[in-house]
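Lifted from TrEMBL, the feature list:
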{"type": "DOMAIN", "residues": "20-219", "note": "domain 'Cytochrome b561'"}
{"type": "TRANSMEM", "residues": "21-40", "note": "transmembrane segment"}
{"type": "TRANSMEM", "residues": "46-69", "note": "transmembrane segment"}
{"type": "TRANSMEM", "residues": "90-108", "note": "transmembrane segment"}
{"type": "TRANSMEM", "residues": "120-145", "note": "transmembrane segment"}
{"type": "TRANSMEM", "residues": "166-186", "note": "transmembrane segment"}
{"type": "TRANSMEM", "residues": "192-212", "note": "transmembrane segment"}
Ligand code: HEM
Ligand code: HEM
């Protein structure tokens, strides 16, 4: 009896921790986006739009787009799976649009001040992230129009989409983290604020990694 009860209370504890971290992630990602928007003093320069659009894209839209599939932390848990898919598509579309705008802002700003492009690890990884996010969105089209990928089962497409989506999310988090290491950001905040800010992409990456790997493993087990 005691043996049976322990795993049950343990799994309830894990479910509670997962729910608490997902709820915390919603608040932290929203707060982080507002903080970066205030810090960059929007509209004062072309540069100011870069951290804002990138944080809005990756920390807010992409996190929310994936968290809505979370069994514990979805704000639209009771909606049908196809409605969730539609909202996911819309949020990822907004994410890609903001990422392209953020990229255009920093590229044009560097052009105006005559600085060379892609000279830092952040700039290089950021460029790769933008390319991957655009490719991921294009590669997702067969999920809506299966005739685009003849010979591939929908189940297989979904598994590949989830796995590559997780890599895309982790690339976004790493680019955000490297952005926080930039001279501009480190000069704008105090040490403890820096550590708190760095926790935001780290928490998002941890929660999304946990969610996607669990649903991926569940799908694999179900299909094999
Ligand atoms: C996923 C999010 C991000 C991506 C994909 C990204 C992408 C990029 C790219 C591609 C460049 C180089 C542009 C060029 O050389 O023409 C760049 C530069 C820059 N970014 Fe970001 N960025 C992101 C987030 C951030 C954040 C959150 C900050 C600030 C907190 C930031 C601050 C900077 C700064 C200061 C530069 C100019 C210096 C440099 O090239 O390293 N970025 N970013
Ligand atoms: C950069 C863009 C995107 C990323 C990073 C991304 C990432 C993800 C991830 C990680 C999942 C799995 C969530 C989970 O199982 O817990 C997922 C599911 C899904 N995505 Fe995306 N996605 C992107 C764009 C799109 C687009 C453009 C579409 C539609 C055309 C789409 C359609 C779907 C659908 C229908 C599912 C649910 C699949 C299922 O039933 O298992 N995604 N996405």
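Positions of Cβ are set from backbone N, Cα and C atoms, glycine also.
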Next on the checklist: Is it the case that the transmembrane segment (21-40) and the transmembrane segment (192-212) touch, counting contact as three or more CB pairs under 8 Å in which the residues of each pair are 6 or more positions apart?
Outcome noted: yes
Next on the checklist: Within the domain 'Cytochrome b561' (20-219), what mean pLDDT does the predicted structure show?
Outcome noted: 96
